[in-house]
Amino acid sequence: MARAVGIDLGTTNSCVSVLEGGEPTVIANAEGSRTTPSIVAFARNGEVLVGEVAKRQAVTNPDRTIRSVKREIGTDWFVDIDDKKYTPQEISARTLMKLKRDAEAYLGEQITDAVITVPAYFNDGQRQATKEAGEIAGFNVLRIVNEPTAAALAYGLDKGSKEQTVLVFDLGGGTFDVSLLELAEGVIEVKSTSGDNLLGGDDWDQRIIDHLVKTFNGEHGIDLAQDKMAMQRLKEAAEKAKIELSAAATSNINLPYITAGAAGPLHLDVTITRAEFQRMTQDLLDRCKGPFEQAVKDAGIKVGDVEHVILVGGSTRMPAVTELVKQLTGRDPNKGVNPDEVVAVGAALQAGVLKGEVKDVLLLDVTPLSLGIETKGGIFTKLIERNTTIPTKRSEVFTTADDNQPSVLIQVFQGEREIAAYNKKLGTFELTGLPPAPRGMPQIEVTFDIDANGIVNVHAKDTGTGKEQKMTVTAGSSLPKEDIERMRRDAEEHAEEDKQRREEAETRNVAEALQWQTEKFLAESGDKLPTESRDQINEALGELRSALGGQDIEKIKSAHAQLAQVSQQAGSQLYTQQQGEQAGATGDQAGAQAGGPDDVVDAEIVDEDKGKK
């Protein structure tokens with residue numbers, strides 16, 4: 001049976017895990033790290049760079065490096081590279097393809113099935129877009145799972161049959177969620193979830209960046225915000241300082257040659273204390289309180305009844321965040337999970353559940369936001385309340401607002417505001433062909449169906465005529481199937497190009513290594529070779545040098561093979577010659593040793609005898 005992986009597609013970093021012998025294993029990437037930066041860059045030569053290599057070149061290539069794209073997924077945002085528009089789905093797919101390649105290299109087999117996680121507070125459009133990103137990357141997306149739910153699954157699977165209440169506090173690079181769950185006998189039931197999709201570690205970084213820009217402007221009168229390359233350096237320095245301040249009381253940010261002024265190059269040297277950092281980010285910390293209180297209220301659970309608190313996301317390592325969680329819950333967070341990996345581990349376990357590898361586990365998730373339609377007066381009429389367990393299906397009967405109304409426009413919204421326009425519009429469709437009738441007479445049954453991925457389907461039916469209309473709700477950002485297929489092919493072509501580039505680079509490296517070894521061999525032992533062999537090597541070496549000066553990879557391969565052959569022959573000749581010389585020398589030495597000692601001994605005896613006489 002084909003393996004399935006679990007993927008935490010994060011704002012800042014992503015992680016992939018797989019079940020091995022029933023136990024989840026986090027897969028290290030090609031660079032040896034267990035997490036991969038969610039950064040994609042387009043090099044000038046057309047190569048697509050992902051992860052650590054993309055991060056390393058960001059300073060010199062800021063316009064063509066994309067990070068934190070997860071914040072844009074499910075919107076109409078795009079980035080223009082070389083006159084081609086890339087959607088958030090396509091950029092996210094590049095990260096997913098990198099994870100897929102690394103997983104396949106580790107497992108030694110092709111991977112198609114995956115469970116991908118999303119923030120619990122993602123709306124329908126964001127979930128759809130994440131699923132599309134997976135499809136573009138070549139995955140069959142088995143399930144979209146909420147990150148806190150995956151974390152609870154990873155935490156709670158081995159906790160036995162005792163019923164317990166768990167709070168998951170998930171503060172990642174770009175999003176924030178709080179979820180309350182109940183665990184008992186393999187059943188993981190989400191009671192409530194709340195969050196903020198625009199709050200995360202990136203915002204803490206931005207406060208440091210703003211502080212550095214303001215400080216530098218005050219000292220030198222130069223606005224670094226106008227310099228893209230300088231801003232990329234500030235971004236990296238801010239992230240590093242934030243991490244340092246989690247362990248140290250101060251962090252020194254020293255960036256030489258950050259820009260140039262009238263008198264020459266200028267340097268940035270600023271020290272930030274932890275207290276100063278916490279002051280400038282206090283309002284961000286305060287924003288964490290609202291979703292926490294909402295989740296507790298919706299669950300109908302007292303804070304004192306929470307038995308375990310799990311921290312998820314790298315941003316929870318900040319001391320101020322840990323302290324806030326202690327204040328809000330009255331208990332120390334659980335230290336037994338890795339906040340960077342626990343979500344991917346949970347996703348792998350859910351993949352195992354869906355594949356039948358993990359038994360006796362039932363995951364009951366909820367929809368994070370209420371769903372409904374717009375009714376007369378612009379009112380938002382809810383059909384499914386937030387925190388309803390999914391999958392679920394609800395129906396309600398509506399009627400017409402005007403006499404002889406020939407059609408009904410169904411506008412679907414997601415949110416909590418009473419006025420429809422203030423909520424997130426998911427889509428619109430029309431039920432046509434209604435027979436003439438006084439207003440209030442037609443009976444229009446509207447049914448909402450949410451699947452286990454949290455993706456919505458809507459169905460409207462005129463009970464009088466039997467006419468009906470169905471739609472899978474797709475936000476304005478969602479892509480038609482043919483676009484997903486086109487993007488998938490495009491991504492595969494890029495992957496093939498990248499593979500070819502890697503192979504070409506490896507061929508060139510191997511050829512250059514042989515060239516160097518052969519030159520060294522000639523310098524050290526060339527005078528010991530027959531003239532004919534030496535001439536053959538020099539001729540083949542010249543061919544390889546010439547090939548390496550061009551771009552024809554086949555020519556390099558051919559020249560490499562020829563040089564390898566003649567070098568090997570010459571090496572064998574030299575080895576045989578040296579063995580013969582060594583054997584002759586050993587024979588002479590053995591003869592000398594056989595006669596020499598006897599002569600010496602005889603002489604000594606004679607001398608002794610003479611002395612005695």
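Every residue gets a Cβ built from N, Cα and C, even glycine.
Values in this document were obtained by computation on a predicted structure and should not be read as measured data.
Taken from Swiss-Prot, the feature phosphothreonine applies to Thr175. Here Swiss-Prot flags 487-509, 567-613 as region 'Disordered'. Look at Swiss-Prot and you will find 567-576 tagged as compositional bias 'Polar residues'. Swiss-Prot lists 577-598 with the feature compositional bias 'Low complexity'.
Taking all protein chains in view, 28 other C-beta atoms sit within 10 angstroms of the C-beta of Thr175 (phosphothreonine). Mapped onto three states, the DSSP output places the residue listed as 'phosphothreonine' in coil.
In terms of DSSP secondary structure, the compositional bias 'Polar residues' (567-576) contains 10 helix, 0 strand, 0 coil.
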